[in-house]
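One structure is given here, and the rest of the page talks about it.
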Amino acid sequence: MFAFYFLTACISLKGVFGVSPSYNGLGLTPQMGWDNWNTFACDVSEQLLLDTADRISDLGLKDMGYKYIILDDCWSSGRDSDGFLVADEQKFPNGMGHVADHLHNNSFLFGMYSSAGEYTCAGYPGSLGREEEDAQFFANNRVDYLKYDNCYNKGQFGTPEISYHRYKAMSDALNKTGRPIFYSLCNWGQDLTFYWGSGIANSWRMSGDITAEFTRPDSRCPCDGDEYDCKYAGFHCSIMNILNKAAPMGQNAGVGGWNDLDNLEVRVGNLTDDEEKAHFPMWAMVKSPLIIGADVNTLKPSSYSIYSQASVIAINQDPKGIPATRVWRYYVSDTDEYGQGEIQMWSGPLDNGDQVVALLNGGSVPRPMNTTLEEIFFDSNLGSKELTSTWDIYDLWANRVDNSTASAILGQNKTATGILYNATEQSYKDGLSKNDTRLFGQKIGSLSPNAILNTTVPAHGIAFYRLRPSA
């Protein structure tokens, strides 16, 4: 039996809350980078961060946009006699300023972590009630990014107003330092963060922590994918669980403030290649931050070629900054081993008049899937230009780096990295305006009015397209 869900505006308060421009001038596109938590947790050190940054640079990923190196929890040894945070000298013998300087000298940006609670999630000193001195500590150490968690919050949650003011205290403190610091809330979507986050932050988590599973339910992530207002977010949430929770929230994100679906799990667990190929572009098209959660020293060629797919990254970094919308969703009978099975179509506008389209197969078998211009341009009126024009179809995975080339790059063949897009030399915005072919995939056909876009999508896989007005 099929169940059909069409997008509604039943929870939209955009007219009330809106999506304002960046509150601090940062986050004009979703942030990209690397965070140690998903792979290394508390096993952190100065050497890990600097070696990882060097490897990201060598692989050409820094120049593709992965510039934030984010140090997560477990870096502190407490506070000094003046109440300021102190870095663990065993893990960071040269101090945080040394780490920041090394990263800055190599064109990276430095991120650190704290929690809006008495303690961090791993039990280290938190910043609740200490916002001004801790913000000054981060500024003094030339930090460019703060991930701000939600553990040990002393019960200061339960309404949007309570959570808003708890997180605004750090926002104000960061601004007071005078240093531009990207502010990333990690409050798990508690108290409807997507309604109020854009006024005080550049991104906000909208669910419990991710795990490297495509559909597997977990009792530690108690809310299913339809519960966007989850009272207990938990953790070990699957990719599809988080994606479905995010579906109604795109209307409350945009330039300067982004829904954060959590770090990328490409090469973190045992996802299949098709699952990784679906995970990455779905995060990209809903304009989630693209934060690598893997050990970059153990990337497989197939995973590397996903992280380095410029035509997908260009969707995420599109200057229009509008998250894609889930247009339809069906449950299907061919469920997987966890009893999960559904198919979806997502669509969204891009800056240059193009449109991004995804056909997502969450079922257990490959299946034919299709869509039409009426579905793709779901907000257009009958007879509008979008519905009466012919569109060229570009497959955004068609020019994926092959395993041989990826292996050469991973083996530090500097010549091989020359094929990669370099966003340091030419921004994605400029590359799109100049029609750089690396950002558009490969043309595979056209879609005329009243025609149907047909394709076969693998199990737990995706068909991912950019539509361009036909010449």
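Cβ from N, Cα, C; glycine included.
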* To do: Between CYS151, CYS186, CYS221, work out which one Swiss-Prot annotates as bonded to CYS237 by a disulfide.
  => CYS221
* When the number of other CB atoms within 10 A of each residue's CB is tallied over all shown chains, which of the glycosylation sites ASN175, ASN270, ASN370, ASN454 has the maximum? -> ASN175
* To do: Compile a sequence-ordered list of residues in the same chain as ASP72 (substrate binding site), six or more apart from it, whose Cβ lies below 8 A from its Cβ; state 'none' when nothing qualifies.
  => ASP35, ASN36, TRP37, ALA41, VAL44, TYR113, LYS147
* When you put CYS42 (disulfide bond) at the centre and draw a 10 Å sphere around its Cα, which of the recorded positions ASP73, ASP149, ARG205, ASP209, GLN251 have their Cα inside it? -> ASP73
* Round to a whole number and give the Cα-to-Cα distance in Å for the pair ASP209 (active site, proton donor) and ASN370 (N-linked glycosylation site). => 32
* To do: Out of ASN403, ASN422, give me whichever of these glycosylation sites has the highest number of other Cβ atoms within 10 Å.
  => ASN422
* Structure fact -> Widest Cα pair spacing in Å over the listed substrate contacts ASP72, ASP73, LYS147, ARG205, GLN251 is 31
* Structure fact -> argmin Cα dist to ASN454 (N-linked glycosylation site) over the disulfide-bonded residues CYS74, CYS223, CYS237 returns CYS237
